[in-house]
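What Swiss-Prot says about this protein:
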BINDING   R22, E80, K119, K446  (6S)-5-formyl-5,6,7,8-tetrahydrofolate binding site
DOMAIN    215-370  domain 'TrmE-type G'
BINDING   225-230, 244-250, 269-272  GTP binding site
BINDING   N225, T244, I246, T249  K(+) binding site
BINDING   S229, T250  Mg(2+) binding site
Amino acid sequence: MSIDTIVAIATPPGRGGVGIVRISGPNAYAIALCLNGNKALQPRLATFCSLYKGNNEVLDQGLVLYFKGPHSFTGEDVIEIQAHGSPVVLDLLIKESIAAGARLARPGEFSERAFLNDKIDLIQAEAIADLIQASSDTAARMALKSLQGDFSKKINQLNEELIYLRMYVEAAIDFPEEEIDFLNDGNVSQLLQRIIGRLEEIRSQANQGVLLREGLSLVIAGRPNAGKSTLINNLAGRDVAIVTEIAGTTRDIMREHILLDDIPLHIIDTAGLRDSDDLVEKEGIKRAWQELKRADCVLLVVDINNPDQQNSLLNELRLTLPNKIPIITVYNKIDTTKLTAKCDEHTVYLSAKTGEGLDELKKVIKQVVGYQPTEGQFLARRRHLQALDEAKALLLTGQSQLTNHKAGELLAEDLRLAHQTLCEITGEFTSDDLLGKIFSSFCIGK
């Protein structure tokens, strides 16, 4: 690990009442003395100081806080300077700190040092960035839960059960002369099944956290004049798409971002799907299919007065799109009929024009993508889901080895690999490439 002393501005760019410069590393205290004219600092106390340039010219006044390692965020000596929030003043403080022996921090390097010094685990480090970037109050609360260790505790408890099972299995392999066949006495099978069930429960909770963090890509598709643009306008609560009676009005991709019960919803309106000789419209249709293949969920909007549109297009979507992408059929323009709004598992009847049935649509979207907020919810990332899925696959393989082949050695190896995979979530076992990828996405100064 680097023993450089690092410095960065910890507050957002721009002018403000207060700006914070953060310094961390073995020379942090000495650099602070260079900046404040050798005024002694007491740990965990704020000291009002004049702040000087190298020629002893005062450049500002502010508070200087000293956190002596290891009792600091990074585990190192940390200095935080609270100066006036002028970009010029803050830049001068950075330059003076570098002149005194610091270097500019990389994005996320303060959090990386906290992780490497065992102040936080990898889940908590990611939660810092997620809390900063939270798009709703629920997402912020869930990120805080992850930062406080809720998600980490679940993974650590799962690992403890897995370690116990590994010890049990490996003892049975190492002492085959024992009268009791530990591998086949039922305990191993029961313990393994319990761990798989617990993993599935955590995976379900993590999936809710991913939805809250990353949101949902919702693509609106249909024939021309089915009411797609009217629907996106109604969902957005404002006019974001041009609506006319002329078929083919929407030719390019239209994007809008809203919150659906705290889920970030990335709505994409597309050109009407049909055969066309118009070069511009053909390009719009091509882009529509590209967006459909990347969607998390598709709304197929059908003019209820032309229900035959639905069958051919729905079949085409099912043949073209991956099976994992759910399709909700939206029968629009019920205001032109005697029908009222209603819904079932994958079908909604509504009027995009009047808004009748919009609540039913939102309900179906949440059901289809599996959003079920729970008390123990926490924020998570896709890499966590991938690791949980990989660990489950290994455990199921091990279960098969035990049940079908009585292969204790193969089961032990699958348990070891599953344990290693779960340790990657918290960072107990990880690679430099993964750390670089995670921390490089952080703000400088965090």
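Note that Cβ sites are derived from N, Cα and C of the backbone, with glycine treated the same way.
Comparing K228 (GTP binding site) with R22 ((6S)-5-formyl-5,6,7,8-tetrahydrofolate binding site), their Cα atoms are 50 Å apart once rounded. The number of other CB atoms found within 10 A of the CB of K119 ((6S)-5-formyl-5,6,7,8-tetrahydrofolate binding site), across every protein chain shown, is 19. Each of the binding-site residues R22, K228 was scored by how many other Cβ atoms lie within 10 Å of its Cβ, and the smallest score goes to R22.
A distance of 59 Å separates the Cα atom of N225 (GTP binding site) from that of E80 ((6S)-5-formyl-5,6,7,8-tetrahydrofolate binding site). If you average pLDDT over the domain 'TrmE-type G' (215-370) in this model, you get 79.
Here the CA atom of S229 (Mg(2+) binding site) lies 51 Å from the CA atom of E80 ((6S)-5-formyl-5,6,7,8-tetrahydrofolate binding site).
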